[in-house]
Amino acid sequence: MSSAHNTLESIKYRRGVLQLLDQRRLPLETVYCDITSIDDICCAIKEMRVRGAPAIAVSAALALAVVAERELKEQRQNSVWKTADDMRQFLLMSCDKMMSARPTAVNLSKVLIQLKKDIETDKANTMEAVLETCVQLAEKIYAADVSFNERIMRHGAAHLLKLASKERVNILTICNTGALATSRYGTALGIVRQLFYEGHLQHLYACETRPWNQGARLTVYECVQENIPCTLICDSAVSAVMKTHDIDAVVVGADRICKNGDTANKIGTYNLAVAAAYHKVPFFVAAPSTTLDPLTPDGEGVVIEEREAAEITHIASGGGGLQSDKSNSDYGRKRVVADGPHLKVWNPVFDITPASLITGGIITENGVFPPATAGPLFDISRIVEP
């Protein structure tokens with residue numbers, strides 16, 4: 001895969017330096033945030049400056065390496081850290097802190113748990129050696145996600161073309177699953193990219209994805225940057241577009257895929273899957289193996305993050321529709337919903353799509369896994385070991 005196809009960088013990293021594209025400001029502004037502390041990365045994740053399950057995990061790993069290098073210099077100057085174990089303790093505590101930043105996406109916890117295990121079992125006996133281990137582990141995670149993207153793109157594009165039995169296909173998606181959500185090309189949107197690069201994409205239909213409008217702000221932004229043919233639709237138009245347009249497949253990303261195939265993804269994905277089943281449009285989930293969670297039996301065991309009411313009740317005057325009271329004070333906010341003592345707002349960030357509605361299959365870097373014709377539809381433990 002040639003990097004010439006893709007100029008977007010949500011993550012800018014070189015040893016000792018990490019910058020994350022502030023995705024709250026897109027598409028109106030392109031601003032990168034410097035990550036120099038564990039508090040910085042936790043804030044960036046919680047406030048959705050960085051978002052997308054793979055990007056969150058990669059950013060956390062790289063942040064740990066960058067912060068460790070900065071802390072080592074400072075602590076040595078102050079004579080606080082004296083042994084390799086002092087540094088290990090800092091790294092382990094930092095992993096625990098980052099793990100709580102967003103609960104639903106499994107990639108973050110899986111990456112940090114693995115980092116903790118590797119750091120704890122590492123035999124390095126100097127602080128410098130512990131740092132080198134941390135940096136190498138983080139950079140390996142970064143490189144692996146790029147490779148996962150490339151393989152998901154190829155597997156998904158080839159399978160969709162074979163399934164559709166036509167030269168050019170129409171795809172429907174939700175949220176943003178492209179370069180802005182991963183380390184490079186994307187998962188579901190990466191497949192769309194591959195189809196486009198090969199001349200096999202007729203058109204992409206992108207849901208706006210309320211309330212943060214990741215489809216309108218981010219997916220459309222990526223498509224415009226690369227001249228990918230795209231039509232933006234309201235979330236409530238998915239049934240209409242499937243009825244009136246020749247949609248060949250729905251392809252979405254995932255924040256967690258349970259052992260039985262139940263999938264947590266951006267709110268509205270469940271609606272999309274129901275509509276796809278009714279209109280007999282194949283529904284696919286595209287995600288790296290780091291998103292697979294064989295330890296959670298089904299969707300009932302997934303903690304669904306809920307965010308503040310202001311994301312629905314307020315609009316921002318200059319931030320492309322960003323509504324968070326806490327994270328967008330610099331944009332200015334205006335309430336557009338009547339208020340009253342009996343009004344309640346429910347704002348779940350994710351929903352669970354039952355495995356029975358994933359009619360096309362699950363696409364990972366290891367291939368395409370269609371639902372079984374007998375027995376359980378999916379058994380994620382057969383795709384990836386826990």
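Just so you know, glycine gets a Cβ as well, placed from its N, Cα and C.
Positions annotated as active site, proton donor by Swiss-Prot: ASP255. DSSP assigns ASP255 (active site, proton donor) to coil, not to a helix or a strand. Sequence-distant contacts of ASP255 (active site, proton donor), defined by Cβ-Cβ distance under 8 angstroms and a gap of at least six in the same chain, are ALA53, THR104, ALA105, VAL106, ASN107, ALA264, ASN265, LYS266, THR291, PHE350.
Here Swiss-Prot flags CYS175 as site 'Transition state stabilizer'. Residue density at CYS175 (site 'Transition state stabilizer'): 29 other Cβ atoms are found within 10 A of its Cβ, drawing on all protein chains shown.
DSSP classifies CYS175 (site 'Transition state stabilizer') as coil under the three-state reduction.
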